[in-house]
Amino acid sequence: MKVTKNRKPWMAFMSVVVWMVCVLVAVGCTSQVLDRPAIPQESPIVSKETPIVSKETPAVTSSATMQPVAESPAAESKTKPTAEPAASKTAAIPKQGRLVMLDPGHQRHGNNAPESVGPDTRETKPKVSSGTVGVRTKKPEYVLNLEVSQLIKDELVRRGIEVAMTRESHEVDISNKQRADMANEAGAALAVRIHADGDSSPKTKGFSVLYPSASSAAVKPISAESHEAASFILKHLKSATDTAGRGLSARSDLSGFNWSKVPVVLVELGFMTNPEEDELMSEAEYQKKLALGIADGIEQFLKSR
Ligand SMILES: [Zn+2]
């Protein structure tokens with residue numbers, strides 16, 4: 001295009017002014033978008049959820065329950081330490097950072113409100129679901145998860161390991177991100193999420209241990225340690241139950257992993273959609289084996305740190 005040379009000075013001045021206004025508006029809008037975090041870094045509710053963990057006698061036992069909703073304080077008295085002399089067995093476990101956060105998966109009523117899957121993505125998932133159901137026992141997964149978690153807790157406490165739980169009741173409303181935040185806030189050495197599986201085929205069975213995939217940037221710092229913990233737990237689950245299980249699985253799609261800043265694993269105890277395994281998982285003997293295997297794996301992880 002031909003440049004006009006005989007333009008009047010005031011017109012040139014106005015062009016510059018208009019151009020500058022356009023640039024300022026554009027920069028202003030862009031920085032506004034960039035400055036606004038896509039995903040909130042911390043849930044404001046979480047600061048109130050600091051676990052109450054007794055640290056007076058770490059050599060003996062201690063335990064605590066964290067409940068973001070009003071819960072009976074009686075829960076704590078249920079887990080009074082036994083007289084088991086656990087001190088010698090746990091002497092090798094460093095006192096610092098050895099709290100284990102147990103998270104019995106799901107709750108009575110799911111919460112379908114969307115929640116960000118992780119700090120690196122705008123993808124959302126429901127905050128928490130109510131889980132699967134036993135095909136033969138008709139037991140909801142959230143009930144089984146808490147039954148086994150309580151046994152694991154008792155076993156860890158007996159060994160002198162500090163334990164906190166995200167819930168000890170079904171009447172809670174705690175999202176998967178909030179559960180991760182609870183472990184973060186507590187500075188847990190390890191978070192262990194307890195779940196049971198479901199599948200369209202009734203033949204599928206066996207336990208598995210999930211850990212956060214290193215492919216997700218947010219969990220890279222905890223991926224190696226989580227993998228190590230998962231390996232220990234799988235190994236001890238195999239020997240406790242005398243079955244092979246389905247192995248380890250790296251996952252990048254779980255909100256409860258992606259928001260975690262502490263090593264985290266998820267144990268799928270078995271398939272509630274397999275009639276035999278569904279029944280087995282509700283037998284006291286088998287539950288005890290699962291709990292012992294998981295506790296052994298946790299203890300080995302803590303000792304290895
Ligand atoms: Zn589940």
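Including glycine, each Cβ sits where the backbone N, Cα and C put it.
These come from TrEMBL:
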- 49-91: region 'Disordered' (REGION)
- 103-133: region 'Disordered' (REGION)
- 180-299: domain 'MurNAc-LAA' (DOMAIN)
Number of helical, extended and coil residues in the domain 'MurNAc-LAA' (180-299), per DSSP: 58 helix, 25 strand, 37 coil
DSSP helix/strand/coil residue counts for the region 'Disordered' (103-133): 0 helix, 14 strand, 17 coil
